[in-house]
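Report on the structure given below.
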Amino acid sequence: MLSNLNEWLWQERFWLPPNNSWAQLEDRDGLVYAHPRDLLASLPLALALVVVRIVFERFVGLPLSRWLGVRDRSRRQVRPNAVLEKHFLVEGPRPEESQLALLAAQCGLTLRQTQRWFRVRRNQDRPCLTQKFCEASWRFVFYLCSFVGGACVLYHESWLWAPVNCWDNYPEQALKPALYWWYLLELSFYISLVMTLPFDIRRKDFKEQVVHHFVTILLITFSYSANLLRIGSLVLLLHDASDYLLEACKMFNYTRFRLACDALFVVFSLVFFYTRLVLFPTQILYTTYYESIINRGPFFGYYFFNALLGLLQLLHVFWSCLILRMLYNFTRKGRMEKDIRSDVEETDSSEGEPDAEHPPLKNGAVRGPRAAPEDAEGPRSRAAGRLANGHTPAS
């Protein structure tokens, strides 16, 4: 059964243009071609990258964060409560109003105290700045090395400057060792990202990131197997061009270097819009949709590959909308206040939110409970009340 499935999966009509066969891509006369089995090396390499990441974050990212002045804010710890903790872990961190009332009755707490318990408990699970910085620093180093390495590999290739050359003599295009290792490293990196998803910081665009990782893995795997390495290498290079800028901006956003963060955010936005919304559709999508079938008919791989690229472009539009929103806030306030894109929701502001029972005064102090009549409290309580409102009694 497995042999029949394998034979069906690797039918030439799925992977190659009409009138082409796998026999044409066998190594001969000193020429080496891409073979799907080569990608099996990405699995142990992905595990190795996970180990390298752990070592990097521990011995490079963490000391670097301290050197740059990244400090984790102290957080209040909730009082142990078995009933509330069980609901938090099993039912979820945000109970409905009716559930809150039931839990408050079970624990002998007021509704406000129960709401506060869940708010503080949620804040405890939010990732600290040091963890965010270490993750961003690892991705920055990889994306920067990948972009520089990819640019060196493709700089002298004709298809980098004229994408239409990606289809010269396709699919009989020999594989160069440098391109193979760069491709393999990129695939291994994205596989490692999928492996660490349960342990990474869960951001606002978590679902979109998961889709992006799987689409990227499919694109790299399919393009290598169908010998579409030329166009695939251009897609990788375009993405790496802005990814390392994003991670660098995140790193500075976690430090005190606000000016560097603001400048990098503007540069990242310009590069992202140009590469993802201009170059990608006009150069990559155009050549894959139209120029790729000028001298050959369409086949299953043509439709599948273009469908993946189209899905990738939809993700570009989604992230562009988030960046535009950040740019709007940036132009209004003149500075970055939250992390770009995925870190927008990763703030701990709710820890400092005043309770609805005690709204803030105009001078920024917090109004305490309504005072009882002076006759009932005496001078000691009146003095305590003045201290609570931020006033020091005259000596």
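One is the number of the first residue shown, and numbering goes on along the chain from there.
Heads up, the Cβ atoms here are built off N, Cα and C, so glycines get one too.
Keep in mind that TrEMBL annotations are predicted by a computer and have not been checked by a curator.
Computed from a predicted structure; not experimentally measured.
Record features, source TrEMBL:
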- 73-129: DNA-binding region (DNA_BIND)
- 345-354: compositional bias 'Acidic residues' (COMPBIAS)
- 71-128: domain 'Homeobox' (DOMAIN)
- 131-332: domain 'TLC' (DOMAIN)
- 341-395: region 'Disordered' (REGION)
- 39-56: transmembrane segment (TRANSMEM)
- 140-160: transmembrane segment (TRANSMEM)
- 180-199: transmembrane segment (TRANSMEM)
- 259-280: transmembrane segment (TRANSMEM)
- 300-328: transmembrane segment (TRANSMEM)
Winner by Cβ pairs under 8 Å against the transmembrane segment (39-56), considering only 140-160, 180-199, 259-280, 300-328: 180-199
Tertiary contacts of the transmembrane segment (140-160), as residues 6+ beyond its ends and Cβ separation under 8 Å: 56, 166, 168, 176, 178-179, 182, 185-186, 189, 230-231, 233-234, 236-237, 240-241, 243-244, 247-248, 251
Secondary structure tally of the domain 'Homeobox' (71-128) (DSSP, helix then strand then coil): 35 helix, 0 strand, 23 coil
Integer mean pLDDT for the domain 'TLC' (131-332): 93
